[in-house]
Amino acid sequence: MGTQIKPVAATLFLCLLLFPLVFSASNDGLLRIGLKKRKFDQNNRVAAQIESKEGEAFKASIRKYHLRGNLRDPEDIDIVALKNYMDAQYFGEIGIGSPPQKFTVIFDTGSSNLWVPSAKCYFSLACYFHSKYKSRSSSTYRKNGKTAEIQYGTGAISGFFSEDYVKVGDLVVKDQEFIEATREPSLTFLVAKFDGILGLGFQEISVGNAVPLWYNMVNQGLVKDQVFSFWFNRNADEEEGGEIVFGGVDPDHFKGEHTYVPVTQKGYWQFDMGDVLVDGKSTGFCAGGCSAIADSGTSLLAGPTTIITQLNQAIGASGVVSQECKAIVEQYGQTIIESLLAKDQPKKICSQIGLCSFDGTRGVSMGIKSVVDENVGKASGDLRDGMCSACEMAVVWMQNQIKQNQTQEQILNYVNQLCERLPSPMGESSVDCGSLSSLPKVTFTIGEKKFELTPEQYILKVGEGDAAQCISGFTALDVPPPRGPLWNSRTGSSLLSSLGLGACLAELPRSCFWLPRILGDVFMGPYHTVFDYGNLRIGFAEAAPWPWEPLTGIEPYITVIYVNTLFMALIGTATNFMSAVCSSQPNLGPKLTQGSTDLDPDPVPGVNLDSNRADLFLS
């Protein structure tokens, strides 16, 4: 009896060895990092408002994408959009040093540096509420010492470069350059749920020209394919935030096929996109083609005030009233319409009526000169800039309405409505939470394919019950030349006021090809995103829900039958293998049946290794 059971036991033992090989083969070369998330809440937004003296925090949001002309200059300062990071909901864990010191970081495709708080951060309160890197506790630490600074609107993260091993999942990247932050004065980092940021952008925008961690993953042969992918869990009731996969894609994370588009500007993950539709109707915003970037470090979907205002008006989002804008419509609306109908160049209209000067600096209208305090130079300059910007936006809006064959009265009424719905200084607009079911769908065209966002996907809910507030996922973000504005026409250009109320007229003279709209988590949540570094392309496909769609009806039974069949097939394969081994090696047969029984004093019960051979047999 015992001799009959032992071959079966050996077979089962081999099956246990074979099972991991079978089920890990499909994951060969893939590294999965689980992401955590938190609900979009007011805490960090309040912190931003505390720091937004005269709107500085909002103005700071444009600086993530504003670098000097020479991107490779190690002395350049990379300025990061703090308010976007404050709203970032997804972060994961890495380890730095030997043994690994754990840190929670945002995996950010919109930047390229890795930084964490340093144990040498003595005078910033934020450092005492987050994990800090201790170089003396790591046996693989290498001193670098080069200073580094990442500038924010109301402060800066500063420190110095160091080198050490960085563990991401089960992979260890050797000698990775990163920034030890010794100064974090911003209140926003005090309330942040993450310790640092891990940039996954290109080296062209890396502070100090440091080699990004992803580059070293590839260069050190740690990943099978030069690809990483994001899957975000947007289910508010789930604690798990999703996964970032290095080395490929997980087929369980998406449905159908990916639509790929080439990277058009290295630095950020930038690509070209087409028209934007609201409720199936073209807005004309990007009919001639626009640029965009996929940015996992940004929660919302950002674009220039001119266009975001129109989108938010279409979905019924509230905003702030611009008296300058309304004054322009009242005093110059008819003149602007007549000039556009007369085929005057849009770029010259605001200059012709005295609101902007011909050389690109701001003029002032004689008709509204009475509202300008000539004794206050700065206030006067700000107002002139505001009037010029309002005029440029009005020209854009009116031009779009004329193309839709609207009457003069309809055009003026529409533009007046937009003047009452400009985004707030923090770039956010709210909607009635009870009206979500009646809001339109917004569609983006990428690679000739339509990518649709439902109201539930582009509206973020803050709070619960009667205190709940619904925030539009479309936020205004104006980027000055040479790297802005966002949502630009590929062949067009723009003027932009210093107040961040710039227009994006296709005919305006300044070049604005540098930076596109930002497709943040609002877009990357519904659409699984692949960053193909090897082929310099980006792919989008419908994201699978979490947990993945449950089995229903007869499917669970089919699955059980399938698994049982697979298991029996493996047993059969293992049995045949053992039979073949036994028949080809006569000396093995007797050893399988000789000896006593379960009382043999082998080091491993039931298993004996012959010291002269590598054969595994049952004693």
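Residue numbering: from 1, along the chain as shown.
Glycine is no exception: its Cβ is also placed from the backbone N, Cα and C atoms.
Since the structure is predicted, the reported quantities are computational estimates derived from the model, not experimental observations.
Annotation in TrEMBL places Cys127 in a disulphide bond whose other cysteine, of Cys15, Cys121, is Cys121. Spacing of Asp295 (active site) relative to Cys127 (disulfide bond) is 26 Å (Cα to Cα, whole number). Confidence over the domain 'Saposin B-type' (384-425), given as mean pLDDT on the 0 to 100 scale, stands at 80. Mapped onto three states, the DSSP output places Cys286 (disulfide bond) in coil. Note: the CA-CA distance between Cys127 (disulfide bond) and Cys290 (disulfide bond) rounds to 40 Å.
A Cα-Cα distance of 26 Å separates Cys286 (disulfide bond) from Asp108 (active site). Cys121 (disulfide bond) sits 23 Å from Asp108 (active site), taking the CA atoms of both as reference points.
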